[in-house]
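Pulled from TrEMBL:
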ACT_SITE  Ser176  active site, acyl-ester intermediate
ACT_SITE  Glu310  active site, charge relay system
ACT_SITE  His422  active site, charge relay system
DOMAIN    1-466  domain 'Carboxylesterase type B'
Amino acid sequence: FHGVPFSRAPVGDNRWTKPEKPTALPYAEGDYYDATHARAGCPQLCELPSPQYVCPDQVSINAEIDEDCLHLAVYLPSRLTKVTIMVFFYGGAFTAGANGVLLYDARFIAEKGDVVVVVPNYRVGPFGFFYQDTGDTDAVLGNFGIWDQIKALEWVQENIQSFGGNKKSVTLFGQSAGAQSIAVHMVNNYSEPLFHGAILESNPFGITYKNKTEAQDIADKFAKHMGCRDEATTAVDALACMKSKTMEETLAALRNFSIVNQINPNSLTQVFEPWAPVLDEDLLNEHPYYTFLKGNNHDKPMIMGFAKDEGMFFILQIFPEKSETLKTRGRTLSSRGECIKVINYKINRLYILYCGKLRNSECDNRNPMDDLVTDYLFTCPSRRVMNADASSNNVWWYMFNQTWSFPEFWENYTKCYDLVCHSAELPYLFDVDKLTDLSFTDEEQVLANNIIKYWSNFAKSGNPNQMSRD
């Protein structure tokens, strides 16, 4: 079932407000709702590699973008009696992604895993993570993309039994920004009763989030960029002006808004996710990383893991080409000192460990940066979270280490052809070779089947190595 609405459309005056339950299905004609095709993805400027697989505004996918985007897809197995539920949240750095793209077609997870899979859209970019404090106590401040996810989980609790699902057995799984979203659900009280287990794939715990002051500053600058804010304009009037802009006008302004230049230099990792959850003192009082370390997260079983070369995907966004000096966008990694300048990290042990062998030579100096970013954003914080949580909950850990036989999947990131980069497990998890021009080897098909088995086992039993709780 595609295009099932779980919220009223966040358009017009409803832009930048919390999602609300729709009054009724929007029947086009007759007494039925057409759920045979995907609806639009949420507004975005999707600049991910291989957009034909992951971007909703690609003609080849037959999915558009529109503010009326809060729909979900439901994939069913052949058995329809109290089936375990798995809810997937897509990644995309909180700036891109949609449930109608080829990569996230979950039919084979449902079929092979004998689970119901729900894939909701949620708002991204400034439509999902714009933060505005107007001074009106009734106004919603931000984190709309996360509120969308919560509303989708509430829909599951209210409606999934009509699809044969068991609302008392709901597992969240997501990758990258989707995994970060799940970490938010693991630490806030609004989400706690809505799910029972979590699978976090490639969660960059090391990326920091903006506090309210930082987020408000970005919002004011974006409003000014859109021609809606000056020294004489109130926050309420600025917000009304921004809501009057069309989706196309807002995206055009976003394209020309250099948000990266607005990032706090002491929070350099935010360059990878300039629009992201805000520490709003409602959903989030602190970064989930610290909540986990304190043991204040929800008591639920969890799988965590990452790919071997996670960092390269991020390094390539800054340094797409190999060069002896790597002079790209005004940055240089030609020496150990410049390496430290770029990462803004002046600890001597890291200096020696990661950058000690860099010279002006023919070697690709992006490789040690891959190691550093992988460790700093993924490996080290994830291991600390896992060790802290394992004292009171069941936690499983994995590292994905399979290179692709179809490297053209990330057509714009050739450096990843021989590595195991960010998102490397997704084609196997969704078994996408049957829906695309990709082709798995026999060994890769076994791997795909095993990932689906482990994930669905965990959803059913709380243990990836056990099929049921019986």
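Placed from the backbone N, Cα and C atoms, the Cβ positions cover glycine too.
Caution: TrEMBL annotation is automatic and unverified by curators.
For the domain 'Carboxylesterase type B' (1-466), the model gives a mean pLDDT of 85. His422 (active site, charge relay system) falls outside any helix or strand according to DSSP and counts as coil. In the three-state DSSP classification, Glu310 (active site, charge relay system) falls within a helix. You'll find the Cα of His422 (active site, charge relay system) roughly 8 Å from the Cα of Ser176 (active site, acyl-ester intermediate). Non-local contacts of the residue listed as 'active site, acyl-ester intermediate' by the CB criterion (under 8 A, 6+ apart in sequence, same chain) comprise Gly91, Gly92, Ala93, Glu201, Ser202, Asn203, Pro204, His422, Ser423. Under DSSP, the residue listed as 'active site, acyl-ester intermediate' is assigned to coil, being neither helix nor strand in the three-state scheme.
The Cβ of His422 (active site, charge relay system) has 29 other Cβ atoms within 10 Å, all protein chains considered.
Non-local neighbourhood of Glu310 (active site, charge relay system): Ser202, Pro204, Val373, Thr374, Leu377, Phe378, Cys421, His422, each in the same chain, at least six residues away, with C-beta under 8 Å from its C-beta.
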